């Protein structure tokens with residue numbers, strides 16, 4: 001027992017660390033501690049000796065525990081004690097086993113001496129009658145010796161098991177420290193190179209503006225001197241670790257602590273043409289300024305003035321646990337949720353938000369190279385997650401047959417239409433046409449699971465993008481979104497997984513990796529990395545950035561095999577030119593934290609518009625009431641709409657049963673503006689736009705629309 005436990009023990013307890021253990025005769029044991037004495041009696045001498053051995057071992061442990069407590073009390077602060085608790089615990093356990101071995105050794109010596117005396121007495125016996133008793137005593141001594149020996153053997157086994165277990169831990173810790181030391185050396189080396197480079201730049205500042213030719217020659221020089229020592233041009237060139245099973249790169253310009261590699265490591269490399277990276281003619285150059293100017297220009301382009309704010313979010317309290325405790329393990333779309341968990345947008349409107357950075361696709365149309373075009377498509381696929389970083393609220397589940405249109409044909413050149421084509425499982429079809437040369441379509445099914453501490457949202461389905469002039473057809477899927485701290489703590493969202501974008505015409509590919517957040521990781525949070533390669537597998541561009549801020553693209557001018565990693569895999573080293581910013585997130589509007597962290601586009605999505613279909617999400621009453629801050633009324637209206645939808649579903653199920661009894665086929669719900677077809681690229685059944693919506697809007701003929709509100 002510890003000292004703290006001794007203060008709260010029952011009456012009559014003896015502290016073994018200060019107790020005396022004596023034997024009166026062959027069967028009695030005396031325990032004394034100050035004024036308290038206990039007399040214990042065993043059935044035999046063998047049993048008595050077992051008790052004595054156990055008590056002496058316990059006494060030795062109690063003494064060690066008391067000494068350790070007196071040594072450790074108040075010497076360390078809580079933080080350092082917590083950091084070293086595992087190491088101290090291991091050392092104390094090993095020391096305890098060593099003490100057990102020492103005690104057993106003393107007992108063996110004691111019993112061995114007694115056995116020797118008994119044997120000596122046996123040898124001096126003359127009377128046969130006495131020999132029987134002495135032989136009996138010898139047998140008992142031998143038994144005691146065997147018991148003590150077994151105890152020592154068990155203690156040795158425990159000691160060896162502990163030593164072997166912790167030996168592996170120490171080996172891993174040693175290997176980790178070695179890797180850390182190597183990284184530190186590389187970091188110091190690169191810092192020294194950057195310091196030298198900065199000094200040279202300061203000395204030669206007047207002659208820095210060498211223009212395009214200077215950059216091209218720098219790239220050439222770095223390729224030519226790749227097998228020699230690191231030259232001045234090598235300092236200007238960036239290097240990235242190639243992906244192994246998934247992309248994992250380091251962007252030097254984003255964080256100076258990241259790695260660079262000198263050109264001397266490149267051998268047998270495949271060379272590119274750096275002069276193709278034309279700063280004046282390339283579409284990449286225009287993307288640098290457009291990422292910043294678009295946010296200001298987009299306010300000047302529209303002919304119609306859009307709203308820039310919505311009513312502030314009310315501050316209503318809610319007992320979250322009372323609702324969530326009954327939801328664990330259930331499909332989220334089947335749980336009736338109050339609007340307190342929602343934001344005043346439907347899932348169809350959230351899907352339309354993917355088009356916030358549609359100008360990336362407008363730029364991609366102008367690309368002559370398919371790999372160059374792939375870079376913009378990759379940046380577009382990442383940009384759709386930028387609005388989710390603070391958006392932890394749940395969008396409204398669309399009602400079956402609900403639609404949402406976003407007509408920006410005159411302002412931005414595109415028009416978008418979404419329709420909820422299935423309710424269980426929830427599925428939405430989306431079609432976007434742009435007169436600037438591209439078409440995008442998708443059918444997304446949302447699978448979500450609540451696991452108590454976090455919520456996983458898994459979009460299922462394929463996104464298609466086709467460019468009209470080139471015929472390039474790109475296909476990719478979304479990654480998994482995870483909402484953490486559902487019950488306790490501040491809600492935060494993370495994106496993790498991999499995206500493979502494939503151009504089914506040219507067979508170009510882009511592998512993107514969304515690195516999940518880790519408290520112990522040295523990487524930038526929300527990191528995204530990737531490589532664009534052609535049909536032959538040759539890498540052309542390195543993609544790097546974060547899904548909540550920006551994406552950059554770096555052209556590869558040379559690649560080679562680098563050093564072998566700790567996992568035994570050989571990495572590819574890419575030598576690249578300076579990165580270009582393809583996409584940068586627009587800043588949030590003023591007071592966004594009180595408006596559900598909506599972006600400029602999101603603020604306009606639920607703005608009332610005339611001439612839309614009667615099934616449009618803008619006309620959904622519960623969503624409109626929530627946006628106005630009337631949450632209690634919104635909850636009542638939400639329950640009414642859901643019950644109305646359940647009644648329609650029950651009627652449809654009854655019709656299906658009736659058709660089955662009559663031997664007829666029952667088609668079930670048929671989407672209004674989309675139809676199911678087998679996709680020629682993926683071979684999957686997908687809802688595609690069949691036309692007719694915009695014509696019906698022009699005529700204002702909505703007679704085919706169901707009454708869902």
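Glycine too: its Cβ is placed from the backbone N, Cα and C atoms.
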Subject >> Per TrEMBL record, range annotated coiled coil [choices 146-173, 174-201, 202-229] >> reply: 174-201
Original post:
Among 19-41, 42-64, 65-87, where does TrEMBL put the label region 'Disordered'?
Top reply: 65-87
Original post:
So which range, 104-128, 254-278, gets flagged region 'Disordered' in TrEMBL?
Top reply: 254-278
